[in-house]
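Student: Sharing the features that TrEMBL gives for it:
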type     : residues : note
DOMAIN   : 192-631  : domain 'Anoctamin transmembrane'
TRANSMEM : 200-220  : transmembrane segment
TRANSMEM : 232-255  : transmembrane segment
REGION   : 280-299  : region 'Disordered'
TRANSMEM : 325-346  : transmembrane segment
TRANSMEM : 352-370  : transmembrane segment
TRANSMEM : 396-417  : transmembrane segment
TRANSMEM : 509-536  : transmembrane segment
TRANSMEM : 557-586  : transmembrane segment
TRANSMEM : 592-611  : transmembrane segment
Amino acid sequence: MSENDKEEGVVFEIALALSKWGESKGDQSDEDDCVQVLVNEFRKKGLIVERVVGLQNEFVRLAAPPEILGKAAAELKFRKRTRIGMDFPFEWDQASAFVRLPDGSLFSWCERFRCYNHIIYGIVNTGKSVLVLKSDCTGVDWRPGESLLRKLEAMRIVKEVFPLHDERKRKQLLKSWAMNWLDFTSQPIDDICSYYGIKIATYFAFLGMYTKWMFFPAALGVTVQFVDFGSLQLLVLPFFFICLISWAVAFFQFWKRKNAALSARLQIYDLAGDESEYKSLRTEQSSSASPSERMKKQISDRMKEKASFQREEWFRWLMRLRNDAFIILSIICLQLPFELAYAHLYEVIGSDLLKFCLTAVYLLAIQYFTRLGGKISMKLIKYENNENVEYRANSLVYKVFGLYFMQSYIGIFYHALLHRNFRTLRQVLIQRLLISEVLENLLENSIPYLSYSFKKFRTVRNKLKCEKGSSTGKPRLIPRIEKDYLKPAYAASIGQEIEDGLFDDFLELVLQFGMIMMFACAFPLAFAFAAVNNIAEIRADALKLLAMMRRPIPRADATIGAWLNIFQFLIVMSICTNSALLVWLYDREGKWHLSPGLAAILVMEHVLLFIKFGFSRIVPEEPAWVRAARMKNATQAEKMCSKQLLRSISGDEKWYGGKRKDE
């Protein structure tokens, strides 16, 4: 931010990266130039605009006064919390009636970003003729009704629209969050939500609670691993297993409660939401039609609407069934033989060096196959013909998790359940939990930094080559906005069309949870390794977001969505796998006969399944104060809507009766 920005208090939040046509182009004020026309249109919309010439690109920074954002929010019909606790469509003229955020602003980052998009992409040619604008090498035909920004993006004149970091808030979060090692799991969730949006805040709230709760099984696992209980040693692993399942069930039930409370508290940040999937048939009704005619028309429209929804519902269901079948067959026919071949070779090879080489080749190959499978899943979802973003995101999560589930666990199942080789099983678990986690964290944080450093070096080198032999004086420094542009986007490894980088972070947590839970009886120390890794993960992810990545595009999801269902599935799987491990472990040691051991563990398995599905009835998913506040708001809304509806009906009847008398 320049000195002028600091003096005027302007915070630029959005930037456009433009192709740089020449050194003199940035100062040229040709009124027919397409970029200059775009800048002028931005100013007409009330935006504060600043053009910055970088070493390799030109940039346009945008800021919006509160009244401009307020008018855009009113056009978008944002629903915001009022001072009486109810949610109403926003009106700029009644701005004082709406609740402000803790930092004093009227709109959250997610809402502001949507307003910016509405403004900048809403610049269209309102005339009736084509306007021919100039560019460096060709003309730009701006057709009536066409968005100018989308036109320039299609022609690659505008390379990208991206959000900017607020340096003051970023440095504050670096100090209070990423660099705060005094409290392992403490995080400023409100500040994170204000700066990044509710989805990222929900992820870090979940990660913090998960890590804090992990201390109990970690301490229990260390005790089981290193303490000799003498004659009670046979009962230690079943007791450990029961404690783990009870811990996991309790954790996710209490997470649901915390998530409900968190959503109620943070919902003021992102009440705008996405448009509902429901789209009614719009029909014009004659003002002179009688009430009976209008009622018949409404019934007819309702029947047509119902038939349309049924056709769309069954078509989407068939498309999803086809895609799911394709993914399952691909896993069975392609990935399963590959995973079993690797597990078998690892079992029969005696040389540690050959095992290491085999593992290295396997890890390289599997990264390619799983990412390819993820991209195929992304393409399949596009053919499901569903515009609901949450539905598409959940569908993607289930498909990609199926691929990673096979890749992560089938080899471990092979060692544990077929060969019953617990020594090899522990080696594989240590490799996955220690080596893989450490390498993933190093790559996850070093690759963005190396990518940014390389782009920065190449930009400076190209600039020096262009200026070689010219008398331009001392070399220019790379501006801050260009540094932001060169940083990698916070995107998922399978693409950013549906999901952002949180997809990979949640996937990493899910795979870790499955590994430590499903094979807990074989390696109790796994929870201690996971706890240490998660403590580092909180700060590493925070540092990655604040220092190594661009500011992410905000998303309004307030829950962890389909990931919660996968966690619940893994709890059930862990009950089954650990029961099998206990049966084979005790039979292998010769302490029990198979029949009584199997009977006892089967009883324990059913008891744990009862605990899993019965605990949710004991502990409500929603705190009482959240439920009471929701019911209060619903009651107030019902009263107000009923009064307005009765007035409207009464007015219509009086108007119709008066018209009949006049006739």
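Cβ coordinates come from backbone N, Cα and C, glycine included.
Remember, it's a predicted structure, so these values are computed and weren't measured experimentally.
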Student: Taking the transmembrane segment (232-255) as the reference, which of 200-220, 352-370, 509-536, 557-586 gives the largest number of Cβ pairs under 8 angstroms?
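Tutor: By the under-8 Å Cβ criterion, the transmembrane segment (232-255) pairs most with 557-586.
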Student: Need a quick answer: max count of Cβ pairs under 8 Å to the transmembrane segment (200-220), which of 396-417, 509-536, 557-586 is it?
Tutor: 509-536
Student: Give the nonlocal contacts of the transmembrane segment (396-417) in its own chain as ranges (CB under 8 Å, at least six residues past its ends).
Tutor: 323-324, 327-328, 331, 335-336, 339-340, 342-344, 346-347, 366, 369-370, 373-374, 377-378, 380-381, 424-425, 428-429, 432, 494, 498-499, 503, 507, 510-511, 514-515, 518-519, 522, 561-563, 566, 577, 580-581, 584
